[in-house]
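These notes concern the structure reproduced below.
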Amino acid sequence: ILFFAWFAAEEDLVGSLASMSTNERIKAIQKMPETMRKKRDIRNKVLKEITKKSRHRGAHPSCCTQCLQGAAVSFRRFGNTLSEYFHLLRIWHKTLKIIGAEFGTSVLSYFVFLKWLINFNLFSFLINFGFITIPQFLAAEPNKLSFTGLELLTGAGYFQQTVLYYGFYTNATISKIKNGPSYNMQLAYIFTVGIYFVICFLILLISMAKSFYRNFINPQAVSGNASKLLCTWDFNITNEKAVKLKQKNLSTQIKENLSEVNKEVLDFSVMERVLRIGVHLLAWVASLGIAVAACTGVYFLSINNLELFMKGQRNDLESQAAMLVLPVIASLLNALIPFLLSWLGHLERFQTPGQHIYVTITRIIILKMSIVGILCYYWLNIVATSESQCWETLVGQDIYRLVLVDFIFCLLGSFFGEFLRRIIGTTVFVSLGRPEFDIGRNVLDLIYAQTLTWIGILFSPLLPGIQMIAFLIVFFVKEVSLRRNCQPPRKVWRTAQMMTSFIFLLFFPSFLGVLSVIGVTVWRLKPSEGCGPFRGLSSMYAAVSGWIKMLESYTASKWVVWIYHNLITSELFFFILSSIVLIVTYLYWKIIQQRKTVTKRLHEQLIN
């Protein structure tokens, strides 16, 4: 009886699905709480039922219709197969689930941010390689310099005559076919970089908006622990390991939510408050003093670095080693001082881990962005006015060395800061135990590296590809180091806004600071006379101005000239645009405040 009842129910289900439209049928099958194999069986039965009905009605489609239907089915199957293979190629998908289950969302947010940066640099590399590097290959001359292997560390020597640096690119119009289409390298270079930064600006804004919506505005975020426990289970999971991992993940999320609800508010006496304020002030004075001292040292070292370079570009070992002094010292300061700033945060004894992380991140971002600011001043005001034959390539080499040495120090930080710390904490000083993963320091390392990459895009177009490879290696090294050397946070806490904060720090001060550096370089600085696509011009932007003057003589291009004069070079347009952005931002902030108030009331009702 049960078998016949089940068979009849399945027949009714197949019949109802067969009567639906194609889109409705696909959505209905996708929403079924069944395994993929069961869903495929149901889909095949529905397709057979539809075929039977069409034959019964005597519907005989034409040969052309049958071919189109067959092609559509084949294309859909090919797409499904490709999606399954691409899902398998997402090598970090399972890794992120394990990290979230074992270490919580605070540590997970670092790896999600790192994965986001890898995709970001892949996009950057494809744009620059497609529109700048590939056309240059068509006009490139053979490299006459010899490769010694030291170039991998210094970026000089053989690499100077490759597409890695600005100075190698031609200023000619590339045309392989006589009287055929041509490719203006000057316009391609400046428009590719300019449009890329506009796209980056939009991507960062959209990512911040999505993250704000997900963490502040979406009402589903306050659905309560009961609904998270009872209504979020994925019934498609049948593998035993996947079930246990999902259970652990849900358990960690509920613990984090409960830690917010049960958060204790400590009541300090007047003397204790004064003492805590004094400790915080001393810590801030110490951290700012350390940042000023580090920037002063980097400035004088950079001046000395330029003098060494201008004395002569010899290829001996001593000259090659002298090139690495500045990046090694800068990376050493960026690697060691954050440990000291994190230790200062522990002395202040914040009430929650979140406060400790955000204060540490603020201090480290001040340090790192100050060092980057000093380096940018050195590049734009000292190197650019020096007697170097191609100052843009010199800047690109400096940034290449900084990126490479920073990557090496990042790997060494995992070894000394986590591996050796685990050995000491488990064998020598057992009371220390395993270290916790330092989220603030590691996140700021990523933002610093990405800032250098953005600055270097104008001087080294292939730098995003190098940074993408470095980030991939960092991802797997940090994942192994985390699981073998670190312990989960002692205090469980919820970090819903962490990813939003990371993207905001990447946007400001990192990205907006880079835009100011690129703007000064393009509009104010004079390009080198003997190298690069803008040689002989008063500024890089002069290439665009000359192109617009040429278009004024063509009637079909009047709309481009109108956009340039009335929008791009119009202060009124940017004033109106800025006003709209400020108004939208204010309204967005008001919505967030209202949602926060609603969220607080809902939490109080849930507790009651």
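Residue numbering: from 1, along the chain as shown.
Using the three backbone atoms N, Cα and C, a Cβ is placed for every residue, glycine included.
According to TrEMBL, the features are:
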- 120-138: transmembrane segment (TRANSMEM)
- 150-168: transmembrane segment (TRANSMEM)
- 188-206: transmembrane segment (TRANSMEM)
- 281-301: transmembrane segment (TRANSMEM)
- 321-345: transmembrane segment (TRANSMEM)
- 357-380: transmembrane segment (TRANSMEM)
- 390-496: domain 'TMC' (DOMAIN)
- 400-421: transmembrane segment (TRANSMEM)
- 465-482: transmembrane segment (TRANSMEM)
- 502-523: transmembrane segment (TRANSMEM)
- 572-591: transmembrane segment (TRANSMEM)
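Under 8 Å from some Cβ of the transmembrane segment (357-380) lie the Cβ atoms of residues 106, 284, 287-288, 290-292, 294-295, 298-299, 302-303, 306, 330, 333-334, 337-338, 341-342, 344-345, 348, 350, 395, 398, 402, 439-441, 443-444, 447-448, 451-452, 455, 501, 505, 509-510, 513, 517, 520-521, 525, all in the same chain and six or more residues away from its ends.
If you look at the transmembrane segment (188-206), the same-chain residues 6 or more away from its ends with a CB under 8 A from one of its CBs are 120, 124, 127-128, 131-132, 135, 169, 454, 457-458, 461, 503, 506-507, 511, 515, 518, 522, 533-534, 540-541, 543-544. Across the candidate stretches 120-138, 150-168, 572-591, the maximum count of CB pairs under 8 A to the transmembrane segment (321-345) is reached by 150-168. Note on the transmembrane segment (150-168): residues 133, 136-137, 140, 143-144, 313, 315, 317, 320, 323-324, 390, 392-393, 396-397, 400-401, 404, 458-462, 528, 531-533 of its chain, located 6 or more positions outside it, place their CB under 8 angstroms from a CB of the stretch. Per-residue pLDDT, averaged across the domain 'TMC' (390-496), gives 87.
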